[in-house]
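Under the heading transmembrane segment, TrEMBL lists 15-42, 63-82, 109-127, 134-156, 162-183, 204-228, 276-298.
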Amino acid sequence: YHPETRWKNWWVRGILTLAMISFFFFIIYLGPMVLMLIVLCVQIKCFQEIIHIGYSVYHSYHLPWFRTLSWYFLLCVNYFFYGETVTDYFSNLVQREEPLRILSKYHRLISFAMYLTGFCMFVLSLVKKHYRLQFYMFGWTHVTLLIVVTQSHLIIHNLFEGMIWFIVPISCVICNDIMAYMFGFFFGRTPLIKLSPKKTWEGFIGGFFSTVVFGILLSYVMAGYSFFVCPVEFNSDRNSFEVDCEPSDLFQLQDYALPAALESLTGWPTLRLYPFQIHSISLSAFASLMGPFGGFFASGFKRAFKIKDFANTIPGHGGIMDRFDCQYLMATFVNVYIASFIRGPNPAKVVQQLLALRLDQQLHIFNSLKTHLTERGLLEEEA
């Protein structure tokens with residue numbers, strides 16, 4: 001790099017990074033539903049970028065039906081995932097609206113029929129001289145759907161658990177990206193991995209420590225607001241989506257006893273923290289240690305097809321996929337983390353499922369529950 005070019009690139013990247021962060025905060029202000037729409041738009045753009053590379057690399061513009069089929073499969077997979085999400089999280093709304101109830105009941109059958117139609121169209125579009133190329137592209141489309149669409153829906157699931165589960169992981173990845181770039185830019189000497197020659201050990205280590213501190217501080221600020229910590233729920237009385245609840249224990253300040261070594265060093269016997277801040281260390285550590293491997297994977301992918309960026313949507317940053325290569329890996333981790341360590345049975349969801357049963361089934365469950373609670377001594381036996 002020529003020093004002037006290096007600094008010019010630094011300014012372009014810096015200004016556009018600030019612009020993107022400002023846009024991110026603006027979207028958060030608009031609320032969870034707008035965030036879901038943005039996730040959908042980003043997902044479609046990432047899909048378009050990867051599919052476009054497939055077309056360019058295999059020079060497959062002349063393939064019959066292929067472009068149409070790729071987008072059709074995207075529609076099918078999104079229909080399936082969004083349908084599952086609506087049925088899962090908004091059963092109140094689904095039970096009330098007759099068309100939604102029918103769609104929900106036969107959702108998987110409809111989704112499968114849609115996919116099967118695309119599959120048959122693909123088989124019918126096979127041309128003798130292009131067999132291998134067509135199967136290449138069929139595989140390419142499906143792997144893209146797996147990487148982009150499946151994981152973007154995990155982002156939406158994280159969002160429903162509370163906006164903090166969406167904002168903190170994404171912010172940690174952004175922070176790690178910025179801090180690794182800064183440490184690498186000013187102190188970088190030792191190359192980290194051959195796939196990405198500009199990445200350095202100094203950037204990697206500096207990014208890690210900065211991200212852990214950033215994650216703890218951001219979690220502390222956000223855990224105090226119910227807007228960020230409450231799950232997104234549908235209020236059937238007001239006909240609107242709401243983010244309002246009594247925050248769980250995860251977001252209540254607690255005193256933690258410090259180990260003797262730290263106590264003698266700081267002079268504090270206890271430390272007052274939100275339990276979520278302890279979880280945020282796991283999220284930050286993953287964002288800075290494993291998140292970059294999403295970037296290395298993308299670098300290897302670009303090397304394989306001799307391209308610099310997925311697209312040139314954002315000057316100095318490449319395409320949307322270049323910015324989201326680490327986010328998809330992070331979203332999967334957060335989803336697995338919530339399922340493994342955080343989420344317990346949801347009483348509201350159980351009640352909704354009970355109300356969807358026939359009256360005789362509801363009565364049977366009521367009597368079973370009553371017997372169980374009486375045996376446990378929580379209810380008095382009737383005389």
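The backbone N, Cα and C atoms fix where each Cβ goes, and this holds for glycine too.
Owing to the predicted nature of the structure, the values given are computational and were not obtained by experimental measurement.
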Listed stretch, out of 15-42, 63-82, 109-127, 134-156, 204-228, that has the most CB pairs under 8 angstroms to the transmembrane segment (162-183): 204-228
Selection from 15-42, 63-82, 109-127, 204-228, 276-298, the stretch that has most Cβ pairs under 8 A to the transmembrane segment (134-156): 63-82
Most Cβ pairs under 8 Å with the transmembrane segment (109-127), selected from 15-42, 63-82, 204-228: 63-82
Sequence-remote partners of the transmembrane segment (15-42) [C-beta within less than 8 Å, at least six residues beyond its ends]: 78, 152, 155-156, 159-160, 163, 166-167, 170, 174, 178, 232, 241, 243, 314-317, 320, 323-324
